[in-house]
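Colleague: Taken from TrEMBL, the feature transmembrane segment covers 6-22. Under the heading topological domain 'Cytoplasmic', TrEMBL lists 22-390. According to TrEMBL, the feature domain 'LapB rubredoxin metal binding' maps to 356-383. The Fe cation binding site annotation in TrEMBL covers C358, C361, C372, C375.
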Amino acid sequence: MPDIALLGLILAAIVIGYFLGWRDQRKRRGDDSGQLSKDYFVGLNYLINEQTDEAIDVFIKALDINNDTVDTYLALGSLFSKRGEVEKSIRVHQDLLARPSLTSIQSFQVQLALAQNYSSAGLLDRAESILIDLSRQNHDLRDQALKQLLRVYEQEREWDKAADVAERLRRTRGEYFAIILAHYYCEQCEIALKQNDRVTARRLIRQAFSRDKNSVRTSLLLGQMEFDEGSYKEAIKVLQRISVQDISFMPLSLPLLEKAFEHTGSLRGFGAYLGRCLNERPGTAVIISMTRLLVRESGESQAVNFLTAQLDRHPTLRGLNELIDLRRQFQGDLPDNVLALIHRLTDRMLELKPVFSCGHCGFSGKEMHWQCPRCHNWGAVKPIQGFEGE
């Protein structure tokens, strides 16, 4: 339903609610005067003239708050928020909150909605203040307040505070927040590494693994740390675990893994690892890495034959681009200018294609995001599979 139509229905519900409330009060008082208050007609006039702001103000101030009308006003505030009219939504919720007749649970609901308004408006300090207060009280909406507070700390990039809140949620909500916690510790680890505080970084790595032993991000960080410190065999051990933790992330580990094997003087070991990965799950990154290794170890002819056979079984655009590049180097059958043209075309196609996508909301892009920029889920963005990806 379009927003305007929905807004009309909600405002109609408010008008009807006002009328029914007035009639109910009149019956209880035994009042037969049959006259609606002046506020009703003022609000109705504003509504007829499409002055929704003024109409809302009048009806909110005049209407008795009860279980039915609170939901209506919350729906109105939510609609304004979705339409990007955050100031109107804030006003609706602030006016509701000022009403002394709200029950405790209604007050919590309105405060949660108001905190969401403040977050949307970038007023994170105000949102944080409300949510901290709600999270300290014992009520059914406390977990919801904690989840909203978590999002505030993510926006502020206050990862230590986010971790404290996530630990509280983990105790009641379990595994999902344990996975998120590993990401928070990784965020703090990256900050520690930038400050060259490797002791703190390693402590945070241990904390991340204690919450999610299959955290690919933690393995990548630890692998990089071991490599930077010259512990190449340890780096290899850590990075090879990624194919077991989540093989779809394995392409992220290959460049560093190849360097680590190179430093140990054992490129054959890298080839053996790639061979195992090919048997388990052939992907473009593994195929291209193996092709380039074959060029170095066995020559271009064997590399071209290998890549051609792989593309016949698992055709991908990136693989085709690699084959064209090899054929140009290897003096293929087609004239070089034709191969160059085809290579430019496939390059251009690849430039326009995303490399990663979110399995939750469908967001796609060329950069790896551990937290999806659109839906904010952690670990949902992965390398794209299929002809245009892996």
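Using the three backbone atoms N, Cα and C, a Cβ is placed for every residue, glycine included.
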Colleague: Apart from C358, C361, C372, C375, which residues in this chain have a Cβ no more than 8 Å from the mean position of the Cβ atoms of those residues at the Fe cation site?
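Modeller: In sequence order, the nearby non-listed residues are G359, H360, G362, F363, P373, R374, H376, N377, A380, V381.
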Colleague: Tell me the Cβ contacts of C361 (Fe cation binding site) under 8 Å, same chain only and six or more apart in sequence, or just say none.
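Modeller: Looking at Cβ-Cβ distances below 8 Å from C361 (Fe cation binding site), excluding near sequence neighbours, one finds C372, R374, C375, N377, A380.
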Colleague: Let me make sure I understand the structure: which of the binding-site residues listed (C358, C372, C375) has the fewest other Cβ atoms within 10 A of its Cβ?
Modeller: C375
Colleague: Mean pLDDT for the topological domain 'Cytoplasmic' (22-390), rounded to an integer?
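Modeller: On average, pLDDT over the topological domain 'Cytoplasmic' (22-390) sits at 85.
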Colleague: DSSP-wise, what's the residue breakdown of the domain 'LapB rubredoxin metal binding' (356-383) into helix, strand and coil?
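Modeller: Its residues fall into 0 helix, 10 strand, 18 coil.
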